[in-house]
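Colleague: Structure below; questions to follow.
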Amino acid sequence: VNPRALTSWVGIARLLAVVLSCLTFSLVASTGRFEAPYGTWCMFTWCFCFTVTLLVLLLELLELYPLLPLSWDDFTSAFSMLAALMVFTSSVVFPATFISSPCSSSRCARQAVATTASCLCFLAYAVEVSLTRAKPGDISSFLSTVPGLLKVFEAYVACLIFSLLDYYSGEPGLMWCVAVYSICFIFTLLIIIFTIGRCLTYIPCPLEKVLVGYNFLALLMYLTATILWPLYSFRGKSRPDPCGTDCPWNKHLGVTFLTIFNLIAYLVDLVYSTRMVF
């Protein structure tokens, strides 16, 4: 038994994340209101993060993780970054979708407490990410470095983009943008999987320079998508009134901002990767 798995700062952050995620999904389940795609996503996020974090704590407490055929540091770094992003998204989506004003009923009070617990859970995962992030000059685990964490961010933002895609067939510019999102997502996901599975060492080429080249190409591709997506999506179209949650105009606007976020992420990724290599 390794008691430091629970008493270290990282262990305490994980314990807080377990307690807060459990509190969040328990309160939301007690309200009975988590239907529709957004509610299902939020409930899945809290349950998934609770389960995996509890499993990580048990494996480290019993010192069983060396038996797993994967890079444990890369896996925990990638998961904590992913969990922080997922919980942050749920902390924004859930109150915007299910909490109405004025908030006076007991069910609304439980939803408000659940939202607060979800925000605190995000902070716990953010602290874990900051505690496990590799220090300058330490490249023992790639996914704990800034470029590695950005890879997780880029893949997650691409997933959000896919969830908002609607009515893009028939427009060559929009179809090119979808191809950009798909190609970059696939390659980024493969990098994450190969890193966790310790498969990158079998690639017969200078991996660091390949990553720099990929980041440069992805940056150029996202630059074209940043220009073409709003050009083809909003050309000759004004925002309809009313425009609800499932309004295509709002979804296209969301894709536009997420594309810009990923463009910035790939730019920062390229700068950091270049500094690490050269």
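From the backbone N, Cα and C atoms, a Cβ is placed for every residue, glycine too.
TrEMBL: automatically predicted annotations, no manual curation.
So TrEMBL has the following annotated:
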- 5-137: domain 'MARVEL' (DOMAIN)
- 142-278: domain 'MARVEL' (DOMAIN)
- 6-29: transmembrane segment (TRANSMEM)
- 41-59: transmembrane segment (TRANSMEM)
- 79-100: transmembrane segment (TRANSMEM)
- 173-200: transmembrane segment (TRANSMEM)
- 212-232: transmembrane segment (TRANSMEM)
- 252-272: transmembrane segment (TRANSMEM)
Colleague: What residues in the same chain, six or more past the boundaries of the transmembrane segment (212-232), come closer than 8 Å to it by Cβ-Cβ distance?
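Modeller: Counting only partners 6 or more residues beyond its ends, the transmembrane segment (212-232) has Cβ contacts under 8 Å with 147, 154, 171, 173-174, 176-177, 180-181, 183-184, 187-188, 191, 252, 255-256, 259-260, 262-263, 266-267, 269-270, 273-274, 277.
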Colleague: Please give the sequence-distant neighbours of the transmembrane segment (79-100): residues at least 6 beyond its ends with Cβ less than 8 Å from one of its Cβ atoms.
Modeller: 17, 21, 28, 33-34, 36, 38-39, 41-42, 45-46, 48-49, 52-53, 56, 108, 111-112, 114-115, 118-119, 121-122, 125-126, 128-129, 132, 143, 149, 152-153, 156, 160, 245
Colleague: Residues sitting near the transmembrane segment (6-29): Cβ under 8 Å, six or more positions beyond its termini, same chain?
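Modeller: Here the qualifying positions are 39, 42-43, 46-47, 49-50, 53-54, 56-57, 60-61, 83, 87, 94, 110-111, 113-114, 117-118, 120-121, 124-125, 127-128, 131-132.
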Colleague: Is it possible to list how many residues within the domain 'MARVEL' (5-137) are helical, extended or coil according to DSSP?
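Modeller: Helix (H, G, I), strand (E, B), coil: 109 helix, 0 strand, 24 coil.
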Colleague: Counting by DSSP secondary structure, give me helix, strand and coil numbers for the domain 'MARVEL' (142-278).
Modeller: 108 helix, 0 strand, 29 coil
